[in-house]
Each structure stands twice: as C-alpha cells, then as structure tokens.
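In what follows, a structure is listed as structure tokens, so that the remarks can point back to it.
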Amino acid sequence: MARYNPFSFTPGPVVFFTTVIYVGLFAALLVTHLTVPDYPSDPPAGINLTEAWADLEHITRRFHPYNSHANDHVRGYLLSRIQGVIATKALDASQVEVIDDLTSNATFSSGATSVYFEGTNIIVVIRGSEDDEPFNSTDRKPNNGGVLVNAHYDSVSSGYGATDDGVGVVTVLQLLSYFTESHNWPKRTIILLLNNGEEDFLNGAKAFMRNPISQVPHTFVNLEGAGAGGRATLFRSTDTEVTRFYSKSKYPFGTVVSGDGFKKGLIRSETDYRVFHGELGLRGLDIAFMEPRARYHTVEDSTRETSMNSLWHMLSAALASTSGLAAVTGEEFSGSESLDNGRVNAGRGSDGVWFDLFGRVFVVFQLHTLFALCVTLLVVAPIALIGLTFGLSKADKNYLLARKAFVYSSDDDNPVQLYGWRGFFRFPIVFVSATAVVVALAYLLVRFNAFIIYSSPFAVWSMMLSAWFFVAWFFSRGADAMRPSALQRMYALIWLFIGSFVLLTIITVFVNNYQVVAGYPALFYFAVVFAALMLSYLELFFAPTKSAYARHFEHDTSSRRNSESASRPLTGSTTAARSDDRPVADDDATETTSLLRGDRRGFTRYGSRRDSTSEGDEDHAQGSRRLDLGNVYPGEQEWSGKLPSWIWIIQLLLLAPLVIVLVGQVALLLTSALYQTPSDGNSPLFIYLAIAALSVLLLAPTGPFIHRFTYHVPTFLFLVCLATVIYNLVAFPFSRDHRLKVYFVQRVNCETGANTVSLTGLDSYVQRIVGELPSAQDQPLNCTTPDVATRKELKTCEWEGLPAKVVPNAAGAAPFGNETNTDRWLEYSIHKGNRSNKATIRVVGLNTRACRIVFDSPITGLAVTGAVSDPRFKPVGAAGSREVRLWHREFGQPWNVALTWDAEEHAKLSGRVVCLWSDANTGSIPAFDEVQHYLPVWAIPSKISDGLVEGFKQFEI
C-alpha cells in the first residue's frame, strides 16, 4: 500500500495549509490592530499611571478650548502639578526651569488668512547633564541641541479632549517626573512644551517659535490624537535617523504609509509637527491616536472611550523615543553652523521606510536602500529567469509552451504532443474576472448604500475577499476540470511575476522622483513571487528530457500499429500522443487502450516514493526498457509525473505569509484612517476601490494553488459573500457606536438680532437630523453647499434657532441670561488714516478672546498693536488676506488693527467684524445643547470652525 504524502500538491494539503496560513495570519493582524497591550503592574521608576489617569480625568471634566474659561482652569491645574513635581524632588532653577509664557505672540499668514495670536504656553526645561551653556545666548554651540516633547492642552469646543490631546498632556507630566529622577537624568536638555491653541490654527506652536528657548531643541516628539483610544501609532517621521529611536519602543506601531497619506492630503488633519519641522527646522516624530474618527472632536473623546492601556502605549513610546534622543551626544542632529533665518540647524537626515511587525518588531531602513533593492531586483530577476530558461532548453527539459517533441528529428511525421502551452492564459482570465467583480461591487455599494463602510468596514472587507476568492476559484477550477495542466501553477506564477514587475517599476519611479515610499510592500511582493517562480523553474529539471519522453512512446506506437484492438490513440488524460493518432481529443483511457503506455498509475500513489530510471538509461532505453514516468495527477501531462510534489508548500510559505503581513498591515491602517472620513466630505468610492485593490493583492498569492481547492471552502465563502452583499446593501450605515458626525455653528447678526443655526453633514442624512430638532420643526430648511472649503462635498441646512446667551448681563453670571442686547456683544470703531488706503479698526468682544475681520476684497498690509515683528512670519500672504483672525490672552480686551489695501482696485474696503464664543459648558449656547439632546442616536455634533457661535456686524470704509 502506497504511503500518503501530507505535503503533496493535492486537494487535502492545499486546502489545509492555505486556509491555516491565511486564517492564522489574518487573525494575528486583527488582534494586533484592535487590541492594546496591557499596562505594566510595575512601571519604571518615576512613572505613576494611577496619577496620570487622575490627571486625565481632571483636565477632561469640561470642554476647554482656548476661547473658554475652562481652559484657564486647566492651565492653572497643570502649573500646580508641575510645581508639585519639582517641589517633591527638591529641584532648583539650575536643573529645571518653568517658563510661564504670557508674553509671546505671533502674526503670520496662511493662504488668504492672517492670524494674530497671543500665546499662553507652559514650558518646562530640564537641563541636560552635559549641557552647561546658557539657553538664550548667541554663543551657544550649534551642536548643543536638546529634545522637545510637545502636547497641547486645549480641546475643541465640542469635545472633552481625552485623546486629543489629554493623553499627550499627562504623558508630558509623567516624562517630567521620570527624567527628574537622578538615575534617569538626560544627557541632552529636554524641553517639555504644553502649548495652548493647537486646535484653532496650530497657534500655540507658532507662539513657541517666538520664545528664545525654541532655538535649543534640535529634535522633537509630538504627541497627538485624532481618534479615541486604541494604539498610538507613529503618524509620520522626518527621517530614518530619528525613527530608529522610536524602534526602541516595546510596542512599536505604524507604517510609513500614514506619512505619505499626509503628504498627499488623504489625511486632512494637521498637527504641530508641521510647525516644528516645516518652519522651525527640527527633526522628529509625530505619535498619535488615529481611530475611530467618528469620536474625534466630539463628546465621545472622553476618558470613558479610552483606557489605561492606551495611555501606557503612548507613554511608553514617548519614553523610549525621548530617552534615546536625549542620550545622543554626537553631532548626528546638528549642522556645522547656526542659521540666520531663525530656523534651527538640525542637520539633514535621510528619507526612511519603516513599519512594524505585529506590534513587536520595528523595521527601519533608508529610502535609497529601498530604491537600490528595487532596481537590483528589477534587473536581476529577469536575467535569472532567462538564464534558467536557457538551462532548461540546454537540458532538453523546457516544457514551457512546448507543443510537441520528436523521436528522431523535426522531420518526424509522428511527433509526440507535450501540451506545454495548456493553461498559459488561464490565470490572467481568472484574475481579471475576479477583480472585475470586486470593482463592480465597489460601484454597487456607492450606488445603493455608499456609507456602509462608516459602521461596517469588516463587512465590506469580508464581501470583497470572499467575492474575489470564490470567482477566482470558480473559473480556475472549472478550467482545470476541463483541461488539466501540470504547468498551471507555474504559469500563474509567471503572470504574477509580470504583474508585480510592472507594479514594482511604477513604485520605483515614485520612490526616485517623488520620494513616495508607501508602495514598499511591492518590493517584498515581487521578491517572494520571483523566489517562488524560480522554484518552479528548478522543479522542471526533475522532468524527463523531451527526447527521452518522445522515445518512451516509440515501442508503444509500433505495437499499436500492429494491433487492431489497440487502434485508439493516446488521449487527453495522458496528454501525450502521436500527432496523427488523435481523432478524439481529451478522451479518457479505456480497456482498449494499450497497457504499455507509460506505466499509468492511479492518483492514490501521487507523491509517494518510486524507483527512478537514470538519465542515461532513459536516453538509451530500447524495446521493453520503458521510461518510468512516476505518478501523474489525473488528467495532467504524463511527463509531469516525476516532478517533486512537495515544492508547492515551499512556494506557498514564500508567497503568502510576507504578503499577508505587509499588505494586510497597510490595509488595516488605511481602513482605520479612511473608513469614517466620508462624514468629512471624502469620497467613499476611493475607499471601496482601495479595499478592492488591497483584497486582490492579498489573495493573488492563492492563484497558483486555487485550482486544487475542493468546493467546501469556496462554497462557504460564497455564502459569506452573499450574506455580506445583502447586508452591505440594505443595512443602515450609522449606529450608536459609529455615529455620523455633523458640524454645528450658530451665526448671529448683532445689528438685527437675527440668528441662524446650521448643521453641515452628508446630504439626505443631515435633513433627517435637522427634522428631529424641536426648534427646526415647521420651519423651511435652506440646504446649500457649505462655505467651508474642506466641506464642499457636504450639505449645510440652516434654520432660525434658539437664541444664544453667550454674553452675561452681569459679571460672573452663569448660566448667562439673554438680557444683553446683541448689539453690545461686539463693538468696533474705524479710524481712517491720512491716505485713502489706510485705516485702523478697533475691535472688542464681550466675554470672548477671539474675533475676526472678514474682507470682501483682500488687504495688502496688516499690523496689530502689540505684535512683534518676526522675519520668519509674513503678516499677509503674497495674494493678500481676506480674513484676519485675532486671539487675546484675556477676555474682553480690544485689538487695534492697522490695515492697508489697494485703493486703485478697490476704492472702498468692506466686510464683517465677527466675534466668536466657544464655551458650551454653562448652557450659554442653547441651540448646541438642543442638538446634543435631540440628535438621533446614530449622529453626533462637532464644531465646524473655531467658534460655536459667531456674532457679526457689517462695516465699510
């Protein structure tokens, strides 16, 4: 009885090993992505997680945007905590300096917007043990750089800010405690920055640039949050050298794909990273939480939605990165001389490629290494395959696309059919068919239920993966049943090689020309396909020579010509026959078939050990000496019987694991980053097409083996596909756990008292939401395209809402009454200069520290009383400014704004003076409270701009 080979290329082993590998690795990736490592019961000395959690609960009790009284309370609490840490450890001013920065201000522009901002940052400087130079001296050596760790303590007006950025703030407090332990004291100076005003225009980081201490750090670690809980990912990094310090983290998490997402605008949020690197010149890291985005900037960004594990994940990453950077004593992050443009000379790093493996291992290498490897593979791989093809031809064993073999010469009238071409075009047909189905499903979802991805991303993934696999199996298995081919696996690998070669070529161009490295998995994809294909080439060297195989039938043919009972030709089941003996193609052998045809054996012995005939004996076999063809898989070419039946398992292990891990990681990251962005106005079609493409890349490695699958797994996946298609088409796209974000603002005409409340959101859904609000019922809705550039794909619905009570009638009154006439909410006066194109506007708003001046035509010059000039900042952009945003440290203080405009083009300057109110803690914005109270459970409000309430008056000069 033949022994069973558990690794043979037969249905049982193929189904088992392929299923185990895919299911096991998918499960491991999901566990890594969706769970957070436990925090330690015994953290490092100086770290107190219980204390950190208590701090987080305290600062997130109320909304605390810059323009709120709660913001001042948070600031006072942080100062007291910092002083408490310093006092506990008996540190003096020479070791730790606290800078309560109430003097820095910045005037700058971005596009058509100008900003004047007064900072209230808190800065703690821990002098490094090897830093004995004064911080504010021009004689400070340019290579004596420190490390900046930043978090912002303001929240948005519609969220408590636990993740954005409360966890970052308490992390900074714990770093202060850690690095002021004597045995943890850093060699480099560490600057801990708690900035205020990040949410409104990255204002706090700009104000930090105005402080002289900003010239001390050369590297930075920015702590942020764009979700609620989960793992803190490495959002982006400036260079390879800095990233290597993040790799010291115990639980690294992230991929360079997110960095490219910022570059290409796929991720619309911005962080202080842009200021520190782009304007100050520092090199560093952006570590942030990233999902779920539906809770970002809402009341669900609270301690209830995060955890101690998430806090520890960010803290441990910041601790490892900061410790490493603060221990560098060389000049790796320093230029040779100081710069005179206000930027820090932190040297130049190399663009990098980085990704984690299961949240435990972090891989980092340089971009030019990626480029070199890509070019090398693109050159070496085709040459190697050409060489192997030549070797097979020299050995007379090249069955690829071989149609026939001759016993004596090419003049032989009776060649033996090899059928080496069979199955060559099979894989591209299968691939295109399956891919077309998943692309069609993407368009189907957009047509009938475009936003189901918002709440059910894994249902969409299940649909795409199961659809592609079933369709690919159906066509591949059907073709194999009709025309079996021993070369189907190799031909599939050849087509995969061609496709991945083209993909890698494109990626290489992007790497070289645009420094976009998000396609790094293509390098590994191509490498494993190349390795697997080489094994198939080497496998053919085990086949008999074509000449020996042809002579194998010489005696058989002679015998059959002399026997009337053996007149039936060799058939398609053996797939080797004389060309003139094939009146019927692809018939099965019967009892009339010659018994001397190649020692035909049953499939039960496929893959078992057999005695083989030597090559020399094959070439000289005569008469009754027959060629031992081994065990042929039913229906496949007889010359394939001697091919090793176990090579496929090595090919599967080469192809599947690395592709699943690298592509799967990118797939999960992109899903997390994008699946809830349609509420921001992003196109859902792009998301579905991205999932379809990634599904194809994930499952394409099954192509060479899928024809061996029995119907069981594909049938199950067909049922999964059917169920998920139905669900994805009919299910409501939002839920209590995945709420649709809508954006709130209330605008009050302070001259007439008229107020308009608006919600901006997805078309058709925002109308349903507004219809459930008591104040909007029985009112005509005006739904238009929003005037916010980043929300153009949404709809804004307006109605007359509940009056705002943002200005108290008497000092200290809360909740505020509405007895104060709206005309007194803001005041302005205009003083015209001696020239027709100059004027000064004095603006003051009650109970606010944020106002704007919006112009109908651009201004060309701007100067705010008290502003400090900085050559790094341009008050007005090249095309002028249409809006000036004004921020004070104190409530109710005036701004004096001197303006210049082009009088030749615009004889008059007109526009609006607007003041903002953002404090939703005291019941002073009843319209916002109403929205929060009456919104359906599947929706949640967020702010659309800096203020929840905007009061305005018109002006003309």
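Just so you know, glycine gets a Cβ as well, placed from its N, Cα and C.
Since we're looking at a predicted model, the values are computed, not measured.
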Field: Site co-member for Zn(2+) 2 according to Swiss-Prot, given ASP164, GLU199, out of HIS64, HIS69, HIS297
entry: HIS297
Query: With reference to Swiss-Prot, is PHE358 found on the same side of the membrane as LEU445?
result: yes
Message: For the Zn(2+) 1 site that Swiss-Prot describes with HIS152, ASP164, which of these is also annotated: GLU51, GLU57, GLU224, GLU241?
response: GLU224
- line: Near Zn(2+) 1: residues not in HIS152, ASP164, GLU224 with Cβ within 8 Å of the site Cβ centroid are ALA151, GLY161, ASP165, GLY168, GLU198, GLU199, LEU223, GLY225, ALA226, THR271, ASP272, ALA288
- line: Nearest by Cα to ASN834 (N-linked glycosylation site), of the recorded positions HIS152, GLU198, GLU224, HIS297, is GLU198
Query: Reduced to three states, what secondary structure does DSSP give GLU224 (Zn(2+) 1 binding site)?
result: strand
Message: I need the neighbours of the Zn(2+) 2 site defined by ASP164, GLU199, HIS297. Which other residues of that chain put their C-beta within 8 angstroms of the C-beta centroid, in sequence order?
response: SER155, VAL156, GLY159, GLY161, ASP165, GLY225, TYR296, ASP301
- request: Show which residues of the chain containing ASN136 (N-linked glycosylation site), separated from it by at least 6 in sequence, have their CB under 8 Å from its CB.
  value: PRO212, ILE213
Statement: Rounded to a whole number of Å, the separation of the Cα atoms of ASP164 (Zn(2+) 1 binding site) and HIS297 (Zn(2+) 2 binding site) comes to 8
Message: Give me the CA-CA distance between ASN105 (N-linked glycosylation site) and GLU199 (Zn(2+) 2 binding site), in Å, as a whole number.
response: 17
- line: Smallest number of other CB atoms within 10 Å: among the glycosylation sites ASN48, ASN782, that is ASN782
